[in-house]
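Student: Okay, handing you the structure first.
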């Protein structure tokens, strides 16, 4: 634990003034990399120590659970665990949940309500839209005519809720929360209001509340029972520029009890307008709270000076922005690098090559996981993914394959929700998992009867079981038997683990579910190839349930299993589980929005074209500019920016019909040329020393600037296998495997001919002869142009377009990845988006082509030929070929 007030010694003058502010209302405007989390943490410690405020009398609102946990850990390091554990901290939603659990009865909430997460709300809305397809009334017809997707419909409802509009039982019109301004009338179309009413009724019936409801219900609670926050002395809010109208209204209600307010934010980083964030809240606070003191943090500890100069030149284009500076703590002689390319594909391959060049030039100084590629939207990653995969650059996508979104995990969570409160959405998901002869037709009929009779899905199931409700004229004994078996399993689990007198752990409950429904056997029947991977995920859930249980047991060792279960489900709904990555080095591909608050030593900002940034569908030019500013300020040492003139391939479908692109207006003008360089970065000891100082890395390997010029590129005199030769062999291998049916390889190869004699008659056996040849690594022998041309002809003649995509995946990894150390990561990236046939053949086989062959010097001397891949890889390639019907 740090000594009393020692945390103040690590602050600069600006930070110290902010931490010790005596003002009742304080705004701390913190630029990127200026230490806002440190200041917010120190401010909390200062209030607790110097102002003698009790920890339970402070509210700290953040925008992510990760940020809340980080602040709590830092407070714990300063003051100890006992004080930190008493803090009321978390996201607005999690804080609302804590108060609603404790005081929700004052606004009519039951004791066992649960949070509906994204999957639940999607399922509810899908069922509503499906039912409206059959309804015969004008409003239903109007909704059908709009052809809404579940997400579109939910977005409409969120818009209504974020403006404070409520559905009230028995009322056709929406009501506005007292104290809020009336929203535009166009928001409240008959169709939107009816969808909202039906959706909210479905939530109520299932005893659920969605995330928007948490904030609305918290407002209603504070208005009806303000004494529940009477003890709060100080409210601290992080990322204030991202607060919505509803969240700001909550802050005002919390402050009615004479609480002080400290906010930390940066108007230059307000990028969430599409989530109803209101940048105007900063100015509104100064108007609503008289005497608000505005303080600035302008010392940047993250980025090199040239990066900040470029970022400020971009954000300063907004003439309405209050002028404020940003001073760097790091000197660098390297300006941000800018390149303009003919096509998006050339841009992508250049980025992939440059990444390999950086890592190869700066050993032990810059690694793959130090590098990020940040794009305006996820739809722009296809070309980048493909280029990285072809050149053997390992990468990860941020925000995909979330743990709690995996099918097997969703199944088990649904079972837990059924046991917790008979949630209809979860019942519908698991009633036929594993299969029980209860198909979609039966489920739809049960849903219909539930809605017709005003019953919950669970109540209807029991009525059907007791034959009080008939789903068809004939008595379906098989269905009834299956239904009774399902209900019996649920009852058995309740009696065994949740009834009074039993104190089971959550892992006991989960293992009981797995045993009762024979889930492992179900996974085996479903897909033997994926069962082990899925079962590992299931066991991970069991382990996580125990970890979370321990936290609640520490708070209350007498906690019942049912309350423990409800808390566990709430944690799952509140926390956006991040995918657990291995320790392997990987480049990060992320959207600009997802990169907020993060940093990397090296950042690439590609696709900086008009209609991409600013986005063609955005009506807020200033927010788009702020988004680019946020992206630029993620970089610590090296920043690369790039644009292209035209698009090719599938990427073209998303852009202008003429495929012609203009550079982003944010990068135009003579002024911008002052802050960027277009020549290639030359790595040397001086540059490495500057980078090392910025990153705090004092020791690293020998710096060697790798540039690579065509076929003459080489490093330390080592010769490497010709990429075009590899590609020919792989194409030929695929062609041969397509014909290989009965004969063994040896029998097939009896009549070999020398493929290098290009004037010889080409036959099927020529192909085998060709791809078995190995280019001597230690010689200067090159493949002759006639031989290369002949192989192209074979590939074009015998490789049909239908199967080429699959072969291309093999070509991509084998032809472009000669470094054995990259093999593992490339295998993980197999199956990423392919190029067209002409692109691959031309790119990999044409002599002197700059997109692939240029940087052969980046490979290592332990190069292996394409056919010498690990057995597991060959097996996987074979499977892919069989799937594509090539074998």
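Along the chain as shown, residues are numbered 1 onward.
Cβ atoms here come from the backbone N, Cα and C positions, even for glycine.
Here the structure is a predicted model, which means the values were calculated and not measured.
Sharing the features that Swiss-Prot gives for it:
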BINDING   33, 34, 35, 36, 37, 38, 302  ATP binding site
DOMAIN    9-304  domain 'UvrD-like helicase ATP-binding'
DOMAIN    305-597  domain 'UvrD-like helicase C-terminal'
Student: Using the centroid of the Cβ atoms of 33, 34, 35, 36, 37, 38, 302 as reference, list every other same-chain residue with Cβ within 8 Å of it (recorded ATP site), in sequence order.
Tutor: 30, 32, 39, 297, 301
Student: If you measure every Cα to Cα pair among 33, 34, 35, 36, 37, 38, 302, the residues listed for ATP, what is the largest value in Å?
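Tutor: Binding-site diameter by Cα atoms for ATP: 14 Å.
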Student: Sort residue 33 (ATP binding site) into helix, strand or coil using the DSSP assignment.
Tutor: coil
Student: Over the domain 'UvrD-like helicase C-terminal' (305-597), what is the model's average pLDDT?
Tutor: 84
Student: Can you count the other CB atoms that lie within 10 A of the CB of residue 35 (ATP binding site)?
Tutor: 22
Student: If you count, for each of the binding-site residues 34, 37, the other Cβ atoms lying within 10 Å of its Cβ, which residue has the minimum?
Tutor: 37
Student: Can you give me the same-chain residues 6 or more apart in sequence from residue 36 (ATP binding site) with a CB-CB distance under 8 Å?
Tutor: 28, 30, 238, 264, 266, 297
Student: Within 10 Å of the Cβ of residue 302 (ATP binding site), how many other Cβ atoms can you find? Include all protein chains, please.
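Tutor: Taking all protein chains shown, residue 302 (ATP binding site) has 21 Cβ neighbours within 10 Å.
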Student: Going by DSSP, is residue 38 (ATP binding site) sitting in a helix, a strand, or coil?
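Tutor: DSSP call for residue 38 (ATP binding site): helix.
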Student: Tell me the Cβ contacts of residue 38 (ATP binding site) under 8 Å, same chain only and six or more apart in sequence, or just say none.
Tutor: 10, 11, 15, 74
